[in-house]
């Protein structure tokens with residue numbers, strides 16, 4: 001057996017390398033097999049490109065568990081061994097071992113810098129990127145725990161509060177209702193203040209107030225009563241009336257299409273609210289005074305979606321086929337994003353989830369009970385804002401926020417709108433119908449889109465590549481992610497709610513890609529991981545994978561329009577044309 005002499009990069013790495021291969025401590029050498037071309041230098045880096053240690057010589061059959069042990073020792077953190085990690089070569093995840101990932105990465109042909117087997121020297125270093133996984137797991141919902149009547153019209157929207165303690169719904173019966181998650185019973189009706197169907201809801205990121213918008217152009221602000229067991233209109237400035245006094249009451253120009261609060265780390269008091277109107281404008285409201293701060297104009301057709309980003313930019317989508325980026329402090333247009341050939345229906349930011357939940361971290365359960373109490377104290381508000389900023393920066397990293405848009409032209413587009421007006425990828429094609437909804441996973445790595453073509457599709461959140469697809473039998477309206485980014489729930493016109501697993505999406509996609517390449521080129525590499533010839537029978541392995549569908553949840557008697565997964569992962573809520581609100585649990 002031969003030995004290859006390797007100078008250890010620093011003393012701490014010796015313990016780490018023990019997980020991979022024996023070390024002759026007298027000469028600082030690493031024992032390797034006779035087949036030296038089955039080993040390679042790797043450089044571990046985090047998702048921001050920061051290197052950990054120096055290049056290390058390891059065998060190519062090293063798997064995820066050994067890489068995790070190696071990384072934990074290199075990081076030399078007390079909690080490192082309690083965390084789990086994902087590892088990537090380029091955009092290919094290491095699911096089995098390093099060599100398999102290299103084969104798959106090279107078969108994609110997108111990174112010519114990847115070394116060939118047998119390459120030696122520092123020019124052959126393989127860059128391996130690691131990302132920490134969620135430290136908790138959300139169980140898939142499997143049963144309906146309550147079917148709650150109360151609304152007299154179709155349930156159009158339902159949303160959990162950022163801390164997961166409250167639930168609100170809006171309906172075509174012109175009411176907002178609040179629901180007790182402990183007893184799973186309705187609270188008060190929320191007063192019939194709106195004079196038109198309620199189209200959208202938005203919780204303030206401190207979980208203290210709720211904003212509701214209707215077709216009549218009125219915004220209502222709700223907060224918990226002094227007793228803490230019910231919700232009512234805010235005591236000061238509870239209403240923001242239609243800003244177009246001259247517009248006829250039944251005119252579509254008054255419709256409120258979307259609401260978005262300024263992020264908690266930028267506005268500790270949760271004072272500013274962006275509202276998208278059917279009349280092509282966006283208005284920034286001061287919710288304490290009920291007065292507009294400024295009005296943003298520029299779109300030629302109705303604005304259908306608005307997002308307030310973590311960098312204090314506002315993003316809007318319109319039926320004029322454009323996405324626009326605005327500076328929130330003065331409403332100045334920063335850039336216009338043009339790619340779609342028809343209406344833009346929906347927007348999502350890679351940081352949407354952390355901006356929505358504010359200071360609430362699902363991995364830190366003790367904060368659930370304290371957010372509403374702390375937010376009444378000025379010093380506590382500052383603390384919450386600092387916590388929210390820390391969580392936001394953890395999710396965002398050093399990369400710019402990404403934005404995805406879905407359109408009536410059956411495609412999606414992926415951008416870094418804060419810095420560039422060019423898309424990150426060509427138009428994301430695959431849907432054969434209108435794209436109704438799109439959402440980033442909480443960790444920002446994947447995208448889920450819902451369409452009238454009866455499908456839910458999963459995309460890579462960085463490259464825009466299609467990963468896989470699921471199916472309903474009729475139009476799909478909404479999707480929602482579990483807080484651990486492993487599950488997706490969807491609702492449809494077919495009256496069902498379905499729970500899907502995306503845990504193995506990368507494996508299926510990568511294996512399918514490798515098989516496809518091999519079928520075209522017969523054989524890209526001489527051997528597989530075990531050194532055996534690959535054959536056309538490899539394709540059967542992909543088709544034998546378990547289906548993505550975990551649970552089909554029937555129960556509604558008609559189309560399901562409203563859907564949300566609670567931030568703490570305990571509940572999924574659905575509502576629709578049958579006027580019933582359903583709570584689903586594991």
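Glycine is treated like the rest: Cβ placed from N, Cα and C.
The following features are taken from TrEMBL:
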DOMAIN    42-101  domain 'NLE'
REPEAT    148-189  repeat 'WD'
REPEAT    191-223  repeat 'WD'
REPEAT    296-336  repeat 'WD'
REPEAT    428-460  repeat 'WD'
REPEAT    469-503  repeat 'WD'
REPEAT    553-586  repeat 'WD'
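Tertiary neighbourhood of the repeat 'WD' (469-503): same-chain residues 134, 136-138, 140-142, 353, 362, 430, 433, 436-443, 445-446, 448-452, 454-458, 548-565, 567-569, 572, 574, 576, 578, 582, 584, selected by CB-CB distance under 8 Å and a gap of 6+ residues from either end. For the repeat 'WD' (148-189), the residues of the chain that approach it from at least six positions outside its boundaries are 195-203, 205-207, 210, 212, 214, 220, 222, 229-232, 356-358, 360, 367-369, 371-372, 561-568, 570-571, 573-583, judged by C-beta separation under 8 angstroms. Beyond the ends of the repeat 'WD' (296-336), by six or more residues, the same chain brings 252, 255, 257-263, 265-266, 272, 274-284, 342-349, 351-352, 354-355, 392, 396, 401, 403, 405, 407, 413, 415, 417-418, 421 to within a C-beta distance below 8 angstroms of the stretch.
Each residue in the domain 'NLE' (42-101) has a pLDDT score, and their mean in this model is 80.
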